[in-house]
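Asks: Dropping the structure in here first, questions after.
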Amino acid sequence: MATRLLRGSLRLWGGLCAPRLPTASRCSHSGGEERLESPSAKKLTDIGIRRIFSSEHDIFRESVRKFFQEEVIPHHAEWEKAGEVSRELWEKAGKQGLLGINIAERHGGIGGDLYSAAIVWEEQAYSNCTGPGFSLHSDIVMPYIANYGSEEQIKHFIPQMTAGKCIGAIAMTEPGAGSDLQGVRTNAKKDGSDWILNGSKVFITNGWLSDVVIVVAVTNREARSPAHGISLFLVENGMKGFVKGRKLHKIGLKAQDTAELFFEDVRLPASALLGEENKGFYYLMQELPQERLLIAELAVSASEFMFEETRNYVKQRKAFGKTVAHIQTVQHKLAELKTHICVTRAFVDSCLQLHETKRLESAAASMAKYWASELQNSVAYDCVQLHGGWGYMWEYPIARAYVDARVQPIYGGTNEIMKELIAREIVHDK
């Protein structure tokens, strides 16, 4: 069993002994090591490639890959039927040190760098197992608490979330408000020092298993604009009036619990307010670039997985007396796919480097999300086609990857909204 890396100790996993995770101050790139980039690598999913990583990252990646191979892949089909992963998996991930990686140690996180967090994103994509909501929990929900929470909130939630004993979700989307966050109708009204929360949310990842949910709510309808009247609240499972409606049945991400949530006169103490009153929209705008970068990373990594899966298939599948890989049209398609994926990988890695040093702008994150998620769907379509009829069979990994890809251009802000944000930056007079 793994012992989680803490303050100078060693990480143990399956006999593998690794130093503590790299931090931005210690090691955030290859440091002069000779490393192949994706176009020159034997496989796009190889360990030890790409200059943004170091040998320390490689050791960590080996342990993460082993975790997904041993603890996730064997059970994922079962979780797809259940519509959720087991809580036991969350605690195993916590013990392995896969949660809260990029959250500071002083807050109760692991204290690793962004690249270490990205390794978990990538390895989950390479496993083709979309059920565990680790990335949303660790790299979307936890940063809100770490960045805007009070000392009391941080101490209460972050250590338990890092251990996998408290599962986090964030509730933005409503039946009538998706990409338009200013259209939120869920509201919280003051009642003495408390707040009374009413409304509903939908399409909430980790919603069914969640122990704490960050809820976006209107707190000032008289504000000069909707953006100036939104606040964030920490709502805990079991609070009176907080009801989880049902797990939603999706065409993809079948093992990922996605729920609708209802709030009927939920009484929240003043301590449930996250950050300052009416500053919620500002906090959302600050954190959305990381969410969009995460989606881009998952998208290009899934594309790398699909390419390798398809390359292996066409080299084995025979037609017209030879393997499909020897048909020129197939070779040309593989050449196109690898080129598009490698170009996108270079851009997304560049965005990771910018974000590690807090220099990733919203427009660039929007470009990465838009481009990589479109690529993922294009790659999925072509890879299914190269599999022929077998690509349409659920037992083939490419079929799962195909349906899982479709939501990527939708959540985190639709790609149409991404283009609006990119265009706004282009035409804006600075």
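Every residue gets a Cβ built from N, Cα and C, even glycine.
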Asks: Going by the substrate site in Swiss-Prot, where Ala227, His228, Tyr282, Pro289, Gln290, Glu291, Arg292, Gly412, Gly413 are listed, which of the candidates Ser179, Ser350, Ser373, Ser378 is also part of it?
Replies: Ser179
Asks: Counting distance between Cα atoms, which of the recorded positions Lys66, His228, Lys279 is nearest Gln385 (FAD binding site)?
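Replies: Answer for the nearest of the recorded positions: Lys66.
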Asks: On a count of neighbouring CB atoms within 10 A, which of the binding-site residues Gly176, Pro289 is highest?
Replies: Pro289
Asks: For Thr205 (FAD binding site), which DSSP three-state class applies?
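Replies: The residue in question, Thr205 (FAD binding site), is strand (DSSP, three-state).
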